[in-house]
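Participant: One structure is given below, represented as structure tokens, and several questions about it will come after.
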Amino acid sequence: MIDIDFERLRALGLHAAMAQAVQQLIADFASRTPEFADQDWQLMRVCTVHRDRLQVHDGVSERSAIPLPRLIKQHALDGTSIAVGDWVLTQTPEPDRCCIHAVLPPVTRINRRDADGSRHAVVSNVDTALLVMGLDLDFSLRRLERYLALVQGSGVWPVVVLTKLDTLGDTAWARSERLVDIARQLRERLPPEVIVHALDARSPEVAQDLAPYLGLGQTLVLLGSSGAGKSTLTNSLAGMGLQDTGPVREHDSRGRHTTTARTLLPLLSGACLIDTPGVRSLRPDADVQTLSASFTDIQALAGQCRFRNCQHVNEPGCAVLAQVAGDRVRNFHKLKREMQRDQQTPLDRQRELARWKQIGRAGHERAKMKRGE
Ligand SMILES: Nc1nc2c(ncn2[C@@H]2O[C@H](COP(=O)(O)OP(=O)(O)OP(=O)(O)O)[C@@H](O)[C@H]2O)c(=O)[nH]1
Ligand SMILES: [Zn+2]
């Protein structure tokens, strides 16, 4: 039996569709194992993932929980894992033992890839991703494009939040001049529908600036490199010193990784905020088609290239090379190469490695022949 207190869980980000899915899941369980119907179930949201246990929230308080071995085994087989933001079905057979029996299929999920191509869940059931970047040396258009590619196709709405507006110049005039220049760069590089905010993350006014994403039942995730100002933003939105913040190194504006785990935090506004540890280079989990959706300008211009199979590298009459910023095209190629590599099967990788070895050996032989050895 499950008694879902929708109002209480709404402030934890529960949507009506998800509440319905829970009832369906319980009915499925009960049809397979009738005694399940008589047991007490709780619907909880994962707020922190540690190596061996998780923290789950029921809308009132937080507690530790462990997934059942069956669930761990199933995730290992599927190559998936439980992520912060997931909704889980739990039972508490003893006061100190909370067990996770099932994970609800997420409505949205952001995944990333490791260098070896393996997939990892970053967060689940998020409505908006705030792509946080400092207007100091942290500012990088390439990284913004990478973050957009990461979020593209996940069902999450990306919003760019540029912090450290106050450091942009000594006077209001200097700041506005720099800002105009940055706005021009962003216009060239970001899809027009992406909203950009520039703010001082320490200011209490950030809650007003970001109000459209902070409504009741909304879940936001902060993504950005260490020192970008994610924890500062979290504190300003929560209205108190919740997260540790750390100074950045002056020579490169990098932070010191103050945030160590992804954490979901219910805000007074009724929204939930997920802060993540800073990562400079998140590798998107996407295919080339999804990537093209983040580079619609390239996709649109490709039709005007002289050659139908133009790769936009160095072909004559390439409309993309002629009209899109060179750095953006290079970044597109780099992300595309990463994605093509990630989609290879282990067998493809072995074949590719063998091919490169063969090319290397042939080069070596040619060099030896040239030297007359
Ligand atoms: N002047 C100014 N300083 C800021 C702003 N945002 C963040 N900072 C400072 O930048 C430093 C790093 O900020 P954090 O919020 O700790 O950065 P973070 O993104 O959470 O970093 P990690 O936890 O390491 O991922 C702190 O000293 C903040 O006070 C801003 O808008 N203006
Ligand atoms: Zn072309």
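The backbone N, Cα and C atoms fix where each Cβ goes, and this holds for glycine too.
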Participant: Select one of Cys272, Cys318: the residue that TrEMBL places in the Zn(2+) site alongside Cys305, Cys310, His312.
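Facilitator: TrEMBL names Cys318 for this Zn(2+) site.
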Participant: Once the chains shown are all counted, how many other Cβ atoms turn up within 10 Å of the Cβ of Cys305 (Zn(2+) binding site)?
Facilitator: 19
Participant: Which ones in the same chain are close to Leu165 (GTP binding site), with CB under 8 Å and 6+ residues apart in sequence?
Facilitator: Leu135, Arg175, Leu179, Ala198, Leu199, Asp200
Participant: Which one is it: of the binding-site residues Cys310, His312, Cys318, whose Cα lies the shortest distance from the Cα of Ala228 (GTP binding site)?
Facilitator: His312
Participant: If the Zn(2+) site is taken as the center of the Cβ atoms of Cys305, Cys310, His312, Cys318, which further residues of that chain fall within 8 Å of it by their Cβ?
Facilitator: Leu301, Ala302, Arg306, Phe307, Gln311, Val313, Glu315, Gly317, Ala319, Val320, Leu321
Participant: Quick check on the binding-site residues Lys230, His312: which one has the highest count of other Cβ atoms within 10 Å of its Cβ?
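Facilitator: Comparing the binding-site residues Lys230, His312, the most crowded Cβ belongs to Lys230.
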Participant: Let me know the DSSP-derived helix, strand or coil state of Thr163 (GTP binding site), please.
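Facilitator: Note: Thr163 (GTP binding site) is in a strand by DSSP.
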